[in-house]
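Heads up: the structure comes next, in structure tokens.
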Amino acid sequence: MKSHLSVLPPHVWVSRRRPRLRVRLWIRIRVQSDMPSRMLRRALTAIALCGGASAACAAQGADAALVARGEYLAKAGDCFACHSTPRGKPFAGGLPMTTPMGRIYSTNITPDTDTGIGRYSEEDFKRAVREGVAPDGHALYPAMPYPSYAKVSDVDMKALYAYFMQGVTPVKQANRATDIPWPLNMRWPLKLWNVVFLDNTRYEQKADKDAQWNRGAYLVQGLGHCGACHTPRGIGFQEQALDQSGRAFLTGAPLENWFASNLTGNHNTGLGRWSEDDLNTFLRTGANAHATAFGSMTDVINYSTQMLSDADTRAIARYLKSLPGGRSNDGPPYMPHPDGARVMLTGLPGNPGAHTYATFCMHCHGADGNGAAPWLAPLAGNPNVLEPDPVSLINVTLNGTGPLVIGGVPAPYPMPKYHATLTDQQIADALTFVRGSWNNQAPAVSAQAVKKVRSATRAP
Ligand code: HEC
Ligand code: HEC
Ligand code: HEC
């Protein structure tokens, strides 16, 4: 059993590779055409046509409201990001996700009756989304974050079901089989995994907390599936904790050549220095005075958190700020440097990292490492820069990042790629300089570590 468990493809290995050039335009079109949402317009038209007098009309109005609610919840769950491809139709599936054993593809969740989920009953839908079991009984890979969705309430599942049945356009597109070879492609071990690791219980309100905290907890642990990326994995690749009762919850985790940051209250590597307002701004715009979103977090901002209501992102911020520091050893508290630009100049003679920084990075990130927030990420005191695991910093320097698109407008100065310009040693030296300057105190980065990320992220 153990050997089977150890080959399971967890969400943590999933990469969402998309052709880069096309994605920019596509996201822009998507986001723009989503606001005001087609669905909401359709719902309003239905109500208007009806005139609102008869009982049948009232029922239609209620239905439309349910569908609109479901559409909103689908955004909170970021279903679109995984179940669509750049050139494909919304929710028709087919997005490849890489696991160590081969690729798997997300499935068609449009209401097409042959190739999609059109024949699913509400019970079938609930079981697939919360328990990872399809109607024919086969187990889904936990690349579908059902261990988090298990927390979603019956009321919300009903609205999601209404949306996927009535609000999504059916698309005829057959699912692709996984590329995982026999016998690793057998799905029955996943059922054992569920027995051991799936906690199939709904979110329970905490009586000693207020409504806003409970709302935030429900969204973070459930539809937001933040822990699927931000919580470290255990021996069976399960998330080590699914809520704040476990110390490891949201303390940060490596994930397909990125590091999903520590979201607890740690002063240096966590969100200890962020206010609730800072956090809310980050979720709504992908940037604030402390950091700018990159890597797989851009998807989360592009398709999910920026579309939530302000009340909901504030609830998320409130809940996250209630998590005490999850790491016992976070180093001495970071203090901003009073004269950062001087550090740069005195660092120059004989320091190859300072030279590379001055030549390639300084015009954006500044001599004092403060950048020009919120457009250009500060590097001084940045929690990701202070994180012991440097993989995100290496990856973003080698490969830049996909565009952050807020309200249909792409970020003006995205981080460039340096994989063709700088050697492993130059990148290691520049990042070592960044991690040791302006009162940053994080371990040096080796050329070996850069080499590893370079080969792992090389385009196939
Ligand atoms: C992180 C990526 C990811 C996200 C987010 C995600 N899914 Fe999935 N989902 C998958 C993958 C991958 C599969 C296919 C798994 C397999 O084939 O074993 C899947 C399968 C499914 C299935 C089973 C379909 C079938 O073919 O029987 C349903 C239903 C589903 N997802 C609904 C949803 C809904 C609703 C949401 C949003 C609330 C969502 N998914 C969000 C990755 C994701
Ligand atoms: C698909 C994986 C993934 C999911 C899901 C995800 N994140 Fe992230 N997140 C990342 C990665 C990778 C980073 C590091 C890059 C960055 O800072 O933007 C990150 C960074 C962040 C940061 C910035 C932290 C810092 O110190 O700069 C915040 C805040 C955050 N995530 C909040 C959330 C919340 C809240 C959710 C759930 C609603 C969530 N994330 C879901 C991958 C993810
Ligand atoms: C054209 C402006 C520009 C240049 C030049 C530039 N960067 Fe960036 N960098 C950015 C932006 C913008 C971000 C935030 C991510 C994004 O939105 O693309 C960023 C993010 C980063 C991050 C992640 C910070 C965080 O929020 O955690 C690191 C590390 C980094 N850059 C290092 C470098 C290094 C090293 C160089 C030089 C080799 C460099 N950058 C050159 C614009 C730039």
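Just so you know, glycine gets a Cβ as well, placed from its N, Cα and C.
Quantities reported herein were computed from a predicted structural model and do not represent experimental measurements.
Now, the feature entries from TrEMBL:
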{"type": "DOMAIN", "residues": "65-168", "note": "domain 'Cytochrome c'"}
{"type": "BINDING", "residues": "C79, C82, H83", "note": "heme c 1 binding site"}
{"type": "DOMAIN", "residues": "211-324", "note": "domain 'Cytochrome c'"}
{"type": "BINDING", "residues": "C226, C229, H230", "note": "heme c 2 binding site"}
{"type": "DOMAIN", "residues": "348-438", "note": "domain 'Cytochrome c'"}
{"type": "BINDING", "residues": "C361, C364, H365", "note": "heme c 3 binding site"}
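With a cut-off of 6 Å between Cβ and the nearest atom of ligand 3, the binding-site residues C226, C229, C364 reduce to C364. In the vicinity of ligand 2, defined as a Cβ distance under 6 Å, the following of the binding-site residues C79, C82, C226 are placed: C226. Excluding the listed site residues C79, C82, H83, the same chain places G77, D78, F80, A81, S84, F91, G93, L95, S106, I109 with Cβ atoms within 8 Å of the centre of the heme c 1 site Cβ atoms.
Taking a Cβ cut-off of under 6 Å from any atom of ligand 1, none of the binding-site residues C226, C229, C364, H365 qualifies.
The Cβ of H365 (heme c 3 binding site) has 21 other Cβ atoms within 10 Å, all protein chains considered. Using DSSP to sort the residues of the domain 'Cytochrome c' (348-438) gives these counts of helix, strand and coil: 40 helix, 6 strand, 45 coil. Sorting the binding-site residues C82, C226, C229, C361, C364 by the number of other Cβ atoms within 10 Å puts C229 first. In space, C82 is the closest of the binding-site residues C82, C361, C364, H365 to C226 (heme c 2 binding site), judged by Cα positions. Neighbour list (H230 (heme c 2 binding site), Cβ cut-off 8 Å, at least 6 residues apart, same chain): L250, T251, G252, A253, A260, S261, N262, L263. A simple Cβ count within 10 Å picks out one of the binding-site residues C79, H83 as the most packed, and that one is C79.
In this structure the C-alpha atoms belonging to C361 (heme c 3 binding site) and C79 (heme c 1 binding site) are separated by 36 Å. DSSP assigns C82 (heme c 1 binding site) to a helical segment in the three-state reduction. Mean pLDDT of the predicted structure over the domain 'Cytochrome c' (211-324): 96.
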